[in-house]
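Before any comments, here is the structure.
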Amino acid sequence: MIETKKKVCLRTFGCQMNAYDSKRMAGMLAEMGYAQVAEPEAADLIVLNTCSVRRLAEEKVYSYVGELKRLKREKPWLLIGVGGCVAQQEGDKLLRRLPHLDFVFGPDALNRLPELVTQAAKGKRQALTKLGPPSAPAQIIVPAEPGLRAMVTVMTGCDNFCSYCVVPYVRGRERSRPAGEVLEEVAALVAAGAREITLLGQNVNSYRDPDGGLDFAGLLGRVNDVPELWRIRFTTSHPKDLSPSLIEAMAGLEKVMEQMHLPAQSGSNRMLKAMNRGYTRERYLEQVNLLRQKVPSVALGSDIIVGFPGETRQDFEESLSLLREVRYDFLYSFKYSDRPFTKAGRLENQLEEEVKSERLVELQALQREIGLAEHQAQAGKLEEVLVEGPARHGEGLMSGRTRAGRVVNFPGTPELAESLVMVRITEGRENSLAGELLPAPGAISA
Ligand code: SAH
Ligand code: SF4
Ligand code: F3S
């Protein structure tokens with residue numbers, strides 16, 4: 001007899017925190033007997049983990065679920081659920097607007113997914129969107145094969161209320177996970193084969209262990225002691241709370257990689273104030289200088305929003321000049337989009353879409369130039385590279401990342417995968433580096 005297993009198609013949108021939550025969902029669904037499939041057509045259950053940070057992302061959810069109506073008509077037993085930040089934001093409204101949707105659950109109801117699926121199968125349509133302490137204590141769910149690079153959320157929510165941002169409304173108040181639980185999860189991932197861990201939070205710098213008061217620098221120290229773990233990264237750092245102790249931790253802890261995502265959002269003090277970011281351009285630059293002084297090889301990343309309400313050409317030029325001054329290695333840039341609940345969404349002086357688009361194109365062109373020059377400046381350097389696997393393009397090439405997080409492709413054989421090697425950088429390209437393998441006696445194999 002052919003064994004039939006139930007199949008789930010789990011689609012994830014948004015940030016790394018959603019990617020992490022999706023891994024937890026996949027774990028819970030696997031325990032219920034669901035195997036994962038890539039195509040919604042093959043599934044008995046479709047779960048979307050959604051993002052509402054920009055309007056377009058939210059609209060996509062409605063149109064995507066809308067398209068699933070056809071599938072549900074063909075397979076009436078198909079169950080469809082929406083989780084994540086759009087679920088939190090829209091709640092019951094999603095069930096009303098999409099009659100073929102079975103259940104809705106916000107980020108804090110994630111642990112109740114099995115119960116939601118079981119009840120939906122019995123015909124109960126419901127939306128669980130209460131924010132507050134998570135619905136059940138977080139279990140540590142570790143995939144059997146987490147991969148070489150894994151993530152661990154150390155805190156959820158956000159208390160910063162930047163005036164443009166929906167996250168504090170859809171993720172609720174900031175809560176740190178106990179350090180003991182974080183360490184247990186890191187150790188379990190490492191035991192299952194992970195060698196690099198990225199610690200996640202909207203603002204990791206304000207981490208506080210609820211059981212002992214350890215701050216984020218202290219937590220890094222503890223994670224650094226986990227045997228068999230090679231590399232630690234973290235994201236995101238809020239510039240207003242970047243502490244000297246965190247900079248010291250990056251400088252002093254061998255396993256903490258020299259990479260920092262420090263979103264500036266704008267280079268104009270007027271805009272930073274209107275955004276409620278809690279720092280000035282000058283203060284931001286001081287932080288960058290201190291960081292570069294202590295960790296000279298650090299690669300810096302940032303997020304910039306163009307076209308915030310009331311942004312003048314002059315304000316925008318200050319963002320361009322910030323890029324020239326800092327010279328980021330990587331940059332995510334976005335057109336401002338108004339979000340529900342937020343203060344900026346209620347401002348009068350919204351910019352025309354066309355102006356926002358032009359500014360985005362201009363900013364991105366400048367960043368391409370800077371990024372390329374920064375990459376070219378790496379030529380000749382010797383870098384420790386964690387090899388991930390064969391390069392996506394190019395016969396006989398392997399691909400990995402430097403300590404600073406830059407992608408390097410170099411001629412090599414597949415057995416190098418999952419090992420640390422030394423590579424000499426030969427060329428810098430727009431999105432990656434090219435290099436050649438050094439026959440390092442100290443190379444470690446996984
Ligand atoms: N906690 C992180 C960012 C999380 S959201 C931080 O404070 O830096 C990721 C990025 O989305 C933000 O950094 C911001 O650049 C962008 N973003 C958030 N709200 C936005 C909005 N309303 N319009 C456009 N971009 C937005
Ligand atoms: Fe949003 Fe600001 Fe919180 Fe980041 S720090 S998630 S931008 S409110
Ligand atoms: Fe998006 Fe929610 Fe993350 S709004 S950016 S998925 S916290």
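A Cβ is built for glycine as well, from the same backbone N, Cα and C atoms used for every other residue.
Predicted automatically and left uncurated, TrEMBL annotations should be read as such.
Site annotation (TrEMBL): [4Fe-4S] cluster 1 is bound by C15, C51, and the candidate from C85, C158 recorded at this site is C85. Across the domain 'TRAM' (376-439), DSSP classifies residues as 4 helix, 35 strand, 25 coil. In the vicinity of ligand 2, defined as a Cβ distance under 6 Å, none of the binding-site residues C15, C51, C85 are placed. With helix defined as DSSP H, G or I and strand as E or B, the domain 'MTTase N-terminal' (6-122) counts 66 helix, 24 strand, 27 coil.
A mean pLDDT of 95 is what the model gives for the domain 'MTTase N-terminal' (6-122). Between the CA atoms of C158 ([4Fe-4S] cluster 2 binding site) and C85 ([4Fe-4S] cluster 1 binding site) there is a gap of 13 Å.
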